[in-house]
Amino acid sequence: MVLYTTPFPNSCLSALHAVSWALIFPCYWLVDRLLASFIPTTYEKRQRADDPCCLQLFCTVLFTPVYLALLVAALPFAFLGFIFWSPLQSARRPYSYSRLEDKNPAGGAALLSEWKGTGAGKSFCFATANVCLLPDSLARLNNVFNTQARAKEIGQRIRNGAARPQIKIYIDSPTNTSISAASFSSLVSPQGGDGSRAVPGSIKRTASVEYKGDGGRHPSDEAANGPASGEQADGSLEDSCIVRIGGEEGGRPQEADDPAAGSQARNGAGGTPKGQTPNHNQRDGDSGSLGSPSASRESLVKARAGQDSGGSGEPGANSKLLYKTSVVKKAAARRRRHPDEAFDHEVSAFFPANLDFLCLQEVFDKRAAAKLKEQLHGYFEYILYDVGVYGCHGCCNFKCLNSGLFFASRYPVMDVAYHCYPNGCSFDALASKGALFLKVQVGSTPQDQRIVGYIACTHLHAPPEDSAVRCEQLDLLQDWLADFRKSTSSTSTANPEELVVFDVICGDLNFDNCSSDDKLEQQHSLFTRYKDPCRLGPGEEKPWAIGTLLDTNGLYDEDVCTPDNLQKVLESEEGRREYLAFPTSKSPGAGQKGRKDLLKGNGRRIDYMLHAEEGLCPDWKAEVEEFSFITQLSGLTDHLPVAMRLMVSAGEEEA
């Protein structure tokens, strides 16, 4: 399938569209600024309360007549531009595809050659987030503002979080339940390798810090500054760090004589100091940014290499990193596993390291989408943005906004399809909300069979009273997904050209699994075909699952204004009741605070990550390895991003 890199099929239409939008934009911008000046956020209200001279109010009164005068002057030009813009939308393509050619060893082409579908399994990490990048006046209805600056900061934080070192902690205690047994293979053999998954006979208590290249580096950094310090000439950045936290004999750490340790890159073994991660270069968003990998003391283990046998009499001091046990235990405590759970789950201050696929919702503003794309291209090679339709093309109602869907991938995209929900009503009818379907290639077998996966990203109808509309959209979602798989799958079942190893649905579904008003959606057949890792059954959540919709009134409180603070708050039941949104109460006169005191549960979880256990290739299985609720976008959106790591392996393999 040919992917569309431009919104129009030829340059003539593109030029005509650019001219028509240039005529419309001044009017659009003035209306947005005029409305935004009358919708203050709680942050701005607090600033005004601290302003004894009422300077901000004076500016609003002063500039409102100016905006109105300019708006009247811009209206004729906007009307002329609209005459050309509207019919052009019938020829507009439903998305724009962008690929950044990446020569890094972690680029998409190199990733395909890593995994042949034999030997060890491979994990893939998915994340979804509603980022509320609406025009500024509409974003303020959700108590967020400055859409353009937020778009850039969101991109920086996601990039820095995904490109940070991947930390895994392994403890040999047979009673420990805070670590992932399924993750152990990634310590023994690198992901994507075909090496044996055999467990060494003696496992020491270790913490593994794995990082796979400076994927978070901005594309322009290397051109301007040259290769990052510490990078090898060939760009290979495969390194790891073993941290001893237990198993001492006589008060001294044991030597790293394991077979597993022998497969790790040893710190200080070469001329390059391995204790410094290459993606800690000074770059956009690192200095003072909450998205910096160094922003959280508790989410990362800080490594520092020792001097070359300078002040240490202990042999091998510069090839081992010693840490206090309490520091590593603090990091390990972030992962908690329920006794009956087969995977790790946590509230994390960072997006998962080595994030493979990112699905975003509410990226409605075109300029914000461009800024977001520019930032994320520092890590993701393949991006689809500006997804949706405008005008009356393909839908009953006139569409002023696109779908808001945005997709980024480290792996090549093979096929794409988009469908607009035809039953939108109320204010949701102004946006072309729909579903984006993607087929990605993640490897190839020795027999030249492609290893592929399917991903669907969607955003359902928002008004809470329209349950029937959402159920109809879920029906359409399943039908469209079945048609997409049928139209893009290999024709021969006896000798297939492709192996399907995962099928994932993610997005903002705008209903939860705890509200009595959402019973219709909770019992939908989608949840029989796709598994929700956070759900026990209709209306029943797993005890560790928390809501993903924040109470907008508290977005700028000091307790939750940073990723670390929000993480700590959400780990306590009292904090969740204070800062998460809960189902609306039907009892009249019940205050927000008093209502929450009477509620049970952990808030409204409306952002979902679902995966299929059936419909994959025979003898293959996809199992959840980790599930995360992420606080890294605190203060930038009213939703919590969620992430899921799937371990894909042949069914006959032993874990």
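Residue 1 is the first one shown; counting continues down the chain.
Even glycines carry a Cβ here, placed using N, Cα and C.
Within the model, the topological domain 'Cytoplasmic' (1-10) shows a mean pLDDT value of 90, rounded to a whole number. As annotated by Swiss-Prot, topological domain 'Cytoplasmic' applies to 1-10 (among others), with the evidence given as sequence analysis.
Residues 71, 135-137, 140-141, 143-145, 553, 555-556 of the same chain sit 6 or more residues outside the topological domain 'Cytoplasmic' (32-64) yet have a Cβ under 8 Å from a Cβ within it. Per Swiss-Prot, topological domain 'Cytoplasmic' is recorded for 32-64 (among others).
Here Swiss-Prot flags CYS53 (among others) as S-palmitoyl cysteine.
Swiss-Prot lists CYS54 (among others) with the feature S-palmitoyl cysteine. Non-local neighbourhood of CYS54 (S-palmitoyl cysteine): ARG48, each in the same chain, at least six residues away, with C-beta under 8 Å from its C-beta.
Under the heading S-palmitoyl cysteine, Swiss-Prot lists CYS59 (among others), citing experimental evidence as support. Non-local contacts of CYS59 (S-palmitoyl cysteine) by the CB criterion (under 8 A, 6+ apart in sequence, same chain) are absent.
If you look up Swiss-Prot, you'll see 86-655 (among others) marked as topological domain 'Cytoplasmic', on the strength of sequence analysis.
The phosphoserine feature in Swiss-Prot is assigned to SER178 (among others); the stated evidence is a large-scale study or a structure entry.
Feature annotation from Swiss-Prot assigns compositional bias 'Basic and acidic residues' to 211-221 (among others).
The compositional bias 'Basic and acidic residues' annotation in Swiss-Prot covers 246-255 (among others).
According to Swiss-Prot, the feature phosphoserine maps to SER289 (among others), an assignment based on a large-scale study or a structure entry.
Marked as Mg(2+) binding site by Swiss-Prot: GLU362. Classification of GLU362 (Mg(2+) binding site) by DSSP places it within a strand. Cβ environment of GLU362 (Mg(2+) binding site): ASN130, VAL131, CYS132, LEU133, LEU134, GLY404, HIS459, ASP508 lie under 8 Å away, each six or more residues apart in the same chain.
What Swiss-Prot lists as S-palmitoyl cysteine is CYS395 (among others), and the listing cites experimental evidence.
Feature annotation from Swiss-Prot assigns S-palmitoyl cysteine to CYS396 (among others).
Sequence annotations record features per position, and here Swiss-Prot assigns site 'Important for substrate recognition' to ASN510 based on similarity to another entry. DSSP gives ASN510 (site 'Important for substrate recognition') a coil state; it is part of no helix or strand.
According to DSSP, HIS639 (active site, proton acceptor) is assigned to a strand segment. Just so you know, the Cβ of HIS639 (active site, proton acceptor) picks up 23 other Cβ atoms within 10 Å once every protein chain is counted. If you look up Swiss-Prot, you'll see HIS639 marked as active site, proton acceptor, on the strength of similarity to another entry.
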Six or more residues beyond either end and a Cβ under 8 Å away: which residues meet both conditions relative to the topological domain 'Cytoplasmic' (1-10)?
17, 88, 91-99, 386, 413-416, 488
My understanding is the cutoff is Cβ-Cβ under 8 Å with a sequence separation of 6 or more in the same chain; which residues meet that for ASN510 (site 'Important for substrate recognition')?
HIS459, LEU460, HIS461, ALA462, PRO464, ARG470, ILE606
Look up CYS59 (S-palmitoyl cysteine) in the DSSP assignment and report helix, strand or coil.
helix
Using DSSP, tally how many residues of the topological domain 'Cytoplasmic' (1-10) sit in helix, strand and coil.
0 helix, 0 strand, 10 coil
Report the DSSP secondary-structure composition of the topological domain 'Cytoplasmic' (32-64) as helix, strand and coil residue counts.
23 helix, 0 strand, 10 coil
